[in-house]
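Here's the structure we're looking at; comments come further down.
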Amino acid sequence: MNIAVSKPPLTIRLCGPRGFCAGVDRAIQIVVLALKAYGAPVYVRHEIVHNRYVVEGLEAKGAIFVEELHEIPAEHREQPVVFSAHGVPKSVPEDAQARNLFYLDATCPLVSKVHKQAMRHQRLGRHVVLIGHAGHPEVIGTMGQLPEGTVSLVETVEDAGVYEPVDRENLGFVTQTTLSVDDTAGVIARLQERFPAIQAPAADSICYATTNRQDAVKQAAPGCDLFIVVGAPNSSNSKRLVEVALRAGAKHSVLVQRASEIDWNEIGDIRTVGLSAGASAPEVIVDEIIEAFKARFDTTLDLAVTVEETEHFLVNRELRSIELTTDDMAFVNGNASNALPPKATAGI
């Protein structure tokens, strides 16, 4: 006689918005469209977005990822190269032109806006203070828009407290788009306290998607025994969501790339789990994690939606006449199962 074993109850607070933002969607679409328009291989400088599963899915379609342009073989110089969503220094397109490469720029339009804000400060004679994380590709790209010596990087409130500019009266700040909203507010407040004349950008540099995802996590996290963020360890916005969840009241918060990374032995007695995804994480991985919990718990989904996102960014003019198939669109939107490579080759 078979006796059914009841599963313990669990509520999953599913955040919305989560996952792909308009800039990520556009960048992935550019690579897919380039492959359809020009054929394989299409080269991509740096990971198009910080998610290995997106990268491996594009590699399966014929994309080749490189870190520098000199890695592109001479026999493939006529194939396009795509610049990642994070943006690049001015020296990169200059290098591409010198090498007679055809390039497509997939820089997020909101990152490009920060570039313009920084250049405007510099044109007006202000030394630019960039609030961001050293070594992040977006920060490297933004600093690379300006002449050497005209921009300084500040990461923390402590940095802002010891920063000493040459001219305290002619400063302007911009920020990396994927920072913690609350942390950045503290850094800005310290800079404004020390340098009352410092000029803000005309519009907030932190992007709408970063803000929206953090707001949803703040709403869902209080009282959660565990909060899971789907994202890559090199994804700035995903790591910030982990921090936001802890500050908002989650007892524990982790960053995972696949359900296979969840340590079920360490979870213990839980009743409420929060779940979100960084802006470069496909929705199909969120679904995978929900199914993993359903296999072990009697789950109830509780949606924590703060706003509906409707933003959409156009792809490059050269690609607008190319049509995507239904399968292409599923991949671009993060909903295709072929966005996920086999778990054994996930590189975790």
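Keep in mind that glycine also has a Cβ here, set from the backbone N, Cα and C atoms.
Pulled from Swiss-Prot, these are the features on record:
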- GLU138: active site, proton donor (ACT_SITE)
- CYS21, CYS108, CYS207: [4Fe-4S] cluster binding site (BINDING)
- HIS50, HIS86, HIS136, THR177, SER235, SER236, ASN237, SER280: (2E)-4-hydroxy-3-methylbut-2-enyl diphosphate binding site (BINDING)
- HIS50, HIS86, HIS136, SER235, SER236, ASN237, SER280: isopentenyl diphosphate binding site (BINDING)
- HIS50, HIS86, HIS136, SER235, SER236, ASN237, SER280: dimethylallyl diphosphate binding site (BINDING)
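A Cβ within 8 Å of the Cβ centre of HIS50, HIS86, HIS136, SER235, SER236, ASN237, SER280, the residues given for isopentenyl diphosphate, is found for these other residues of the same chain: VAL49, PRO137, GLU138, THR178, ALA232, ASN234, SER238, GLY278, ALA279. Looking at THR177, SER235, SER280, the binding-site residues in this record, the fewest other C-beta atoms within 10 angstroms of the C-beta turn up around SER235. Sequence-distant neighbours of HIS86 ((2E)-4-hydroxy-3-methylbut-2-enyl diphosphate binding site) (same chain, 6+ residues apart, CB-CB distance under 8 A): HIS46, THR107, CYS108, VAL111, HIS136, PRO137, GLU138, GLY141. Cα to Cα, SER236 ((2E)-4-hydroxy-3-methylbut-2-enyl diphosphate binding site) and CYS21 ([4Fe-4S] cluster binding site) are separated by 14 Å. Of the recorded residues, SER280 ((2E)-4-hydroxy-3-methylbut-2-enyl diphosphate binding site) and CYS207 ([4Fe-4S] cluster binding site) place their C-alpha atoms 14 Å from one another. Excluding CYS21, CYS108, CYS207, which define the [4Fe-4S] cluster site, the same chain contributes ALA22, GLY23, VAL24, ALA85, PRO109, LEU110, VAL111, THR177, THR178, TYR208, ALA209, THR210, ALA279 within 8 Å (Cβ to the Cβ centroid), listed in sequence order. Between the C-alpha atoms of HIS50 ((2E)-4-hydroxy-3-methylbut-2-enyl diphosphate binding site) and CYS21 ([4Fe-4S] cluster binding site), the distance comes to 13 Å.
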